[in-house]
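Novice: Quick one: structure below, then a few questions.
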Amino acid sequence: MDKRPGMRITQLIHLLGLALLSLGATMLFPLGISWYYQDEAWMPMVWACGLTWLCGAIFAVLPYQRRPLERREGLMAVPIIWCVMTFFGSLPFLLSGAVPTFTDAFFESMSGFTTTGATVFTEIDSQPKSILFWRSWIQWLGGMGIIVLFLAIFPLFGVGVLQLYRGEVPGPTPDRLVPKIGQTAKLLWGVYVILSACQLLLLWLGGMSVYDAALHTFTTMATGGFSPRAASIGAYDSVYIEAVVIVFMLLAGTNFSLHFAAVQGRFRVYWRDPEWRFYLGVVAVATLILTLFLTARSVFPFSTALRHALFQVVSLTTTTGFASIDFELWPIFAQFALLLLFFFGGCAGSTGGSIKHMRIILLIKHAYWQLYRLLHPRAVASLRLGEQNISGDVLIVVQAYFVLYMGCFATAALGLTLFDIDILTAFSAAASALGNIGPGLAEVGPYDDYAGLPAAAKWLLSACMLLGRLEFSALLVMCLPAFWKS
């Protein structure tokens, strides 16, 4: 029997229908914000919500074959769902006139859902509150993963979800906290919501309005970085607010299975985890180097240098992308050091993007292991991470991912230069989009935007955002001829 993915297109359409119905329901929140603040985006939000629900209802009621998805179908469904959700998520931006073109609306929506935080908004402070709420809200939804969210919902409709989970969570350690995938999704979202509630409360106690606190909470926990203020976190000039955001950026960049264990009272799991120790070590070393450099160059006194260095290191390492200051004005060494952090990312199983610390640890250990074998060719040694032996298959996957990542980065950066974009902007924008970070350097610095880039460059960067968010597997595997063979 022919079992090509295309043979079950009706099931994919049904899944899209359920996803759009759910997305339309989430649009009620910004719709309520628009009504409360009486802003001019009320009717555009109504139209966006109505169109999303209408298409979702049509797709959902079409007849389909009710049976579990195969692996290839799950891998194909994930990027399609992401793209369709991005399209409908762009409607509020386009219909409200917040952006002038569909390209800009799609870019902003993709940046939101993938938690990148790169923006084409030129006048953020003057945008309707409901539109700013929507762009932060879709980051919060995308932070734990649109698909992971729907994994908690789809079982109610009898939809098999294992292959969707595999396509959405392709990292080196996609932990299953309980045997059933749907229950795992609910537990992850439970931890996500609890941490979000804690941060919102602390920001409100620090003097933020409930609205600003909510929006910054959404984008902190998602490691997204969208802010309702043009100057980002720097607009508040508050050490307390920066400290709260730093703590929750670090938590968002941590493997959520560790948070789940901590909720159960097992707090020692944090320090026992080698990736988490390495993660904090990178933050500490990078902060120390930048602090000493900025102090030695008389850019800031020591306390101010420590404050901004720590914030920016945590922000970029976790791929959040908030800014406490315009670091583009720092000396070249400091800017380049921050650019290197674009390639670290959060921990495996976190909302952070980029390469992830787990993969970096394995690459370093493997390099050391190979050097050791040169000195001791007859030695029998196994590669270990904590108490676990690392198999050769895992190392091959990690190495392949690293090659793909750097290859896509180089290709994207080279592609951007085709549009006469300067090298620093091209390299930082490519690294930022692929790592889901947001700000770059030069024309796309922390207090700048992507609005001035050519339309083709925005589409290229949108593709990079999706590639980085899905960690390549669900997209690139579809390029293989074998994927489409029975």
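Using N, Cα and C of the backbone, Cβ positions are placed for all residues, glycine too.
Note: TrEMBL annotation is automatic and uncurated.
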Novice: Examine the ranges 332-355, 452-475 and name the one recorded by TrEMBL as transmembrane segment.
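Specialist: Residues 332-355 are the ones TrEMBL records as transmembrane segment.
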Novice: For a quick check of packing: other C-beta atoms within 10 Å of the C-beta of T115 (K(+) binding site), how many?
Specialist: 34
Novice: Taking 3+ C-beta pairs under 8 angstroms (sequence gap of 6 or more) as contact, is the transmembrane segment (12-36) in contact with the transmembrane segment (186-205)?
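Specialist: No, these stretches are not in contact.
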Novice: Using Cβ atoms and a strict cutoff of less than 8 Å, what residues sit near the transmembrane segment (278-300) while being 6 or more residues removed from its termini?
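Specialist: Same-chain contacts beyond the ends: 250, 253-254, 306, 308-310, 312-314, 317, 330-331, 333-334, 337-338, 341, 344, 346-347, 357, 360-361.
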Novice: In the same chain, which residue numbers or ranges, 6 or more beyond the ends of the transmembrane segment (332-355), come under 8 angstroms Cβ to Cβ?
Specialist: 114-116, 143-144, 171-175, 192, 221-223, 252-257, 275-276, 279, 282, 286, 289-290, 293-294, 299, 312-313, 316-320, 401-402, 405, 427-428, 431-432, 434-437, 441, 468-469
